[in-house]
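The substrate binding site feature in Swiss-Prot is assigned to 8-15, 21-22, R60, 87-90, K98, 114-115, 183-184. Per Swiss-Prot, the feature active site, tele-phosphohistidine intermediate maps to H9. The feature active site, proton donor/acceptor is assigned by Swiss-Prot to E87, with sequence analysis given as support. Taken from Swiss-Prot, the feature site 'Transition state stabilizer' covers H182, and the record attributes it to sequence analysis.
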Amino acid sequence: MYKIVLLRHGESTWNKDNRFTGWTDVDLTEKGVEEARGAGHLLKREGYTFDLAYTSVLKRANKTLNIVLEELDSLWLPVEHSWRLNERHYGDLQGLNKAETAAKFGDDQVLVWRRSYDTPPPPLPEGDERLTSGDPRYASLPRAQFPRTECLKDTVARFVPYWETVIVPNILAGRRILIAAHGNSLRALIKYLDNISDSEIVGLNIPTAQPLVYELDANLRPIRSYYLADADTIRAAEAAVAGQGKAKG
């Protein structure tokens, strides 16, 4: 049996402001830092150790991972960064308040943009200042392939090949893996691992900084998955995420 741990970053400044973030490189809030410390403490208490970690190229995931590794006294751990683990690109919604967007377009439309499998938000216009294709962290990504928007299907298409070619060989080699990423990049991986249908994936919400353990068989099929925190904590955290995209009453 193999075991991996998935972790969404702690609360970011735009999580706090209830804004669509996507590839915008925002920082953690003080609460997010404390959430990351709590995740590290929980992993340490439960006896988890790791050989290798993976994360995106966005600071909120990087900082979360570093804080967790510090709590585990494992800052020396090898870490691999890839844009393929980034949050999904939210296109022209990036920077907009979710509740205000829901009030304008309706809760149902925003739910489709946030949680559906194959419907992307409106794309960023050409030349928009929010495009970060010139950023050196994306030097390996051809400009023509740089996303201006993404749906979850697009996120699956970029993450799963990285999982199969980079992460899986290390799992099969017996290395203990921690993946610190984002709500939708983790939803993409979980959809693939658990073979969740396109319609059912709408209801999957990933809370911030809650370690999620996957136990995998010899063929890397899930045996079971579970959060380390208690069920009431997770239910409340998932409900909070689900409510972010609704208009205020």
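All positions are counted from 1 along the displayed chain.
Placement of Cβ uses the backbone N, Cα and C atoms for every residue, glycine included.
Cβ neighbour density within 10 Å is lowest for K98 among the recorded positions H9, R88, K98, H182. If you take the Cα of K98 (substrate binding site) and the Cα of E87 (active site, proton donor/acceptor), they are about 16 angstrom apart, rounded to a whole number. For the binding-site residues G22, G183, the largest tally of other C-beta atoms within 10 A is found at G22. The Cα atom of the residue listed as 'active site, tele-phosphohistidine intermediate' lies nearest to that of H182, taking the recorded positions G22, E87, H182 as the candidates.
With a cut-off of 8 Å between CB atoms and residues at least 6 apart in sequence, the same chain places A180, A181, H182, G183, L186, I206, P207, T208, A209, Q210 near R8 (substrate binding site), listed in sequence order.
For the recorded site, K98 (substrate binding site), the DSSP three-state label reads helix. Summarising the environment of W14 (substrate binding site), the number of other Cβ atoms within 10 Å of its Cβ, over all protein chains shown, is 20. Taking only the Cα positions, the spacing between E11 (substrate binding site) and E87 (active site, proton donor/acceptor) is 14 angstrom.
With respect to Cβ neighbours within 10 Å, the recorded positions E11, E87 differ, and E11 shows the lowest count.
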